[in-house]
Amino acid sequence: MKPKISFNNVVMRYGGFLALDRLNLDIADGEFVTVVGPSGCGKSTAMNIAAGLLQPSGGEILVGDKPVTGPGPERGVIFQQYALFPWLTVRQNVEFGLSVAGMSRVKRREISDHYLSLVGLTDFADALPKALSGGMKQRCAIARAYAAAPEILLMDEPFGALDALTRVHMQDQLLDAWSRERRTVMFITHDVDEAVYLANRVIVMAARPGRLDQIIPVDLPYPRTEAIRLSPEFAAIRNRVWHAVYHQQPQTDQQSSHGQ
């Protein structure tokens with residue numbers, strides 16, 4: 001089976017700074033992959049290249065068998081910032097891309113109803129973003145991305161600004177939506193527990209210049225539950241990922257973490 005996303009010797013330079021050094025990675029159709037690594041290792045840069053928001057200095061990235069040359073409707077992007085239009089209601093935000101595409105009002109309503117229900121925002125369809133909590137705003141952003149029917153979701157620390165309990169709830173909401181439709185997901189995070197809880201595979205990137213260090217499979221069943229999160233199997237994978245990330249930190253950062 002051909003991969004859905006392929007990074008082939010991807011290099012990214014900013015002037016004299018090498019951000020990515022020959023990154024090679026394949027992500028399968030319908031797979032949920034999380035990407036972790038020390039700060040500055042190029043996680044977000046890799047995602048932005050996949051989104052078509054940056055052009056690599058070398059190598060190529062393929063979606064299916066087509067080179068990525070810019071943004072495309074087959075890729076939806078969700079950032080840590082909610083990026084909602086504050087003057088539009090929740091429903092209007094979800095329907096925005098559909099409206100731009102010329103879809104009929106009846107069809108837009110059908111699609112927005114479905115995804116608002118999926119993320120638990122039906123009762124807030126007519127509310128403005130200012131009336132929503134942080135978690136609700138991000139659920140709206142997820143519904144908007146899903147409504148546009150992308151084949152791939154690229155998510156850059158989408159839950160990073162949320163409190164711990166809301167973050168766990170959002171992880172479950174996202175997995176519920178993913179399990180129903182099996183879009184391909186590339187999810188960037190600094191949270192090791194989050195990375196393991198969500199993913200089929202955890203991609204660990206090496207310290208700068210960014211490159212693939214190792215791929216850690218997550219052999220845990222879906223649906224993921226609190227019992228799985230508390231299981232010895234989860235703890236073992238979580239510890240393996242944590243040690244992989246920790247040993248990628250620059251030596252000075254490791255010393256700081258020990259108070260030296």
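Quick reminder: no glycine exception, Cβ is built from N, Cα and C everywhere.
The domain 'ABC transporter' annotation in Swiss-Prot covers 5-228.
DSSP gives S39 (ATP binding site) a coil state; it is part of no helix or strand. Counting Cβ atoms from all protein chains shown, S39 (ATP binding site) has 11 others lying within 10 Å of its own Cβ. As annotated by Swiss-Prot, ATP binding site applies to G37, P38, S39, G40, C41, G42, K43, S44.
Other than G37, P38, S39, G40, C41, G42, K43, S44, the residues of this chain whose Cβ falls within 8 Å of the Cβ centroid of the ATP site are, in sequence order, T45, M205, A207, R208, G210. Note on S44 (ATP binding site): other Cβ atoms within 10 Å of its Cβ, all shown chains, come to 18.
Taken together, the residues of the domain 'ABC transporter' (5-228) have an average pLDDT of 93.
For K43 (ATP binding site), the count of additional Cβ atoms within 10 Å of its Cβ stands at 24 [all protein chains shown]. Neighbour density around each Cβ, counted as other Cβ atoms within 10 Å, peaks among the binding-site residues G40, G42 at G42.
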